[in-house]
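Engineer: Below is the structure I would like to discuss, written out as structure tokens.
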Amino acid sequence: MASSTPKIYVAVVGVGLVGSEFINQLLAIPSSSSPFHLISLTSTTRTVFNHTHPISSSSWKSELSNSADRPDLPKLTQQLSALVSPTQKVALIDNTSSEDVAALYPTWLNAGISVITPNKKAFSGDISLYEAIVAAASKTGGGRFLNEATVGAGLPIISTLKDLVATGDKVVKIEGVFSGTMSYIFNEYSTGKPDGPAFSSVVKIAREKGYTEPHPADDLNGADVARKLTILSRVISATSPRLQSFASVETTSLIPPALENIATGDEFIARLPEFDDHFQKMRAAASSDGQVLRFVGVVDVASGQVRAGLERYPTTHPFATSLGGSDNIIMFHTERYGTRPLIVQGAGAGAAVTAMGVLGDLLKLT
């Protein structure tokens, strides 16, 4: 590391699947070339902070588990703020899905602490929080916010969109399969043939493989896709529809009305077969027209519409031919990419690729 390279202190909040993978990837960077110093870890029950002796790859789990200190984000804010200087940068990595943590982003940014996260809550929630984040990051001495992993895990979706906008291209429409869960379900369920496995059995298998949330309704309601569309719409900024929150997205849920208030995932899976005929009729109708079913998200700048729901595509369309497993695929229709849209495709879920997206953002601070 060159002597002129600023030291970057790193604090991690959230050490679950993505958080643990991120820590391992960060600490795998050779110390001789790394400006990063991991000084703080915070789980749901414990925290550790030590800026004089950075945490190592061999000790981080034991240091955290042996700590007697309980999480205290206001205290952590003070500790990190004190480290910000012209020769030292501070980055807070939020690997949680907490709205409470997300609400602190403006405070951290105003203190000069950069925020990097896969947490979608702040960037897809109430627009007042989003605007406070942008304002704090825009002020002199404010930290940067980087959130590539909020859409498509490690795929370069947000960075690609930012580059298109920054270079003056005009976004006409963005459409894609944004949910790894929905991608898997409909890649298996709708192949262009009129029949196949029952919808309920595909959802059940997806849950067993860990592709869905413990309660599959949390995926089938489309809210995750709506959040991602809101994030992208806000990146497009002035030319995109202004969304007050992800709840403003026109979202078509796949949850049968009779199952809306089912309390547990097990009961939901047990009752879903009652509605297999409904989904079978949609599959057969699509097949008869040479089409497949895909759960997609669309930001249509021209019409001002942002929507998420089940749509039909020809069996020759990339959404039918290019997807496998839990892949994401996003098409950018712009003035420059008019005849043939720009396509980003690949694994859109998983701890390793999500952590990679977070680490990629952290590297942008160097």
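Cβ atoms are placed via backbone N, Cα and C, with glycine included.
The NADP(+) binding site annotation in TrEMBL covers Gly14, Val15, Gly16, Leu17, Val18, Gly19. Positions annotated as domain 'Aspartate/homoserine dehydrogenase NAD-binding' by TrEMBL: 14-141. Sequence annotations record features per position, and here TrEMBL assigns NADPH binding site to Thr96, Lys120. Annotated domain 'Homoserine dehydrogenase catalytic' per TrEMBL: 156-363, in sequence order. Here TrEMBL flags Glu213 as L-homoserine binding site. Annotation comment: TrEMBL describes Lys228 as active site, proton donor.
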Engineer: From the recorded positions Gly14, Val15, Val18, Glu213, Lys228, pick the residue whose C-alpha lies nearest to the C-alpha of Thr96 (NADPH binding site).
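Structural biologist: Nearest candidate: Gly14.
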Engineer: What whole-number Å value do you get for the CA-CA distance of Gly14 (NADP(+) binding site) and Lys120 (NADPH binding site)?
Structural biologist: 14
Engineer: Please compare the binding-site residues Gly14, Gly16, Gly19 by how many other CB atoms fall within 10 Å of each one's CB, and tell me which has the fewest.
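Structural biologist: With the binding-site residues Gly14, Gly16, Gly19, fewest surrounding Cβ atoms within 10 Å: Gly16.
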Engineer: Other than Gly14, Val15, Gly16, Leu17, Val18, Gly19 themselves, what residues in this chain have Cβ atoms within 8 Å of the centroid of the NADP(+) site's Cβ atoms?
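Structural biologist: Leaving out the recorded residues gives Ser20, Glu21, Phe22, Asn95, Thr96, Ala351.
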Engineer: Would you mind ranking the binding-site residues Val15, Leu17, Val18 by how many other Cβ atoms sit within 10 Å of each Cβ and giving me the lowest?
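Structural biologist: With the binding-site residues Val15, Leu17, Val18, fewest surrounding Cβ atoms within 10 Å: Leu17.
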Engineer: Using DSSP, what's the helix, strand and coil tally for the domain 'Aspartate/homoserine dehydrogenase NAD-binding' (14-141)?
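Structural biologist: Each residue of the domain 'Aspartate/homoserine dehydrogenase NAD-binding' (14-141) counted once, the result is 55 helix, 21 strand, 52 coil.
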Engineer: Cα within 10 Å of Lys120 (NADPH binding site): which of the recorded positions Val15, Gly16, Leu17, Val18, Gly19, Lys228 qualify?
Structural biologist: Lys228
Engineer: Write down the Cα-Cα distance for Glu213 (L-homoserine binding site) and Gly19 (NADP(+) binding site), rounded and given in Å.
Structural biologist: 18
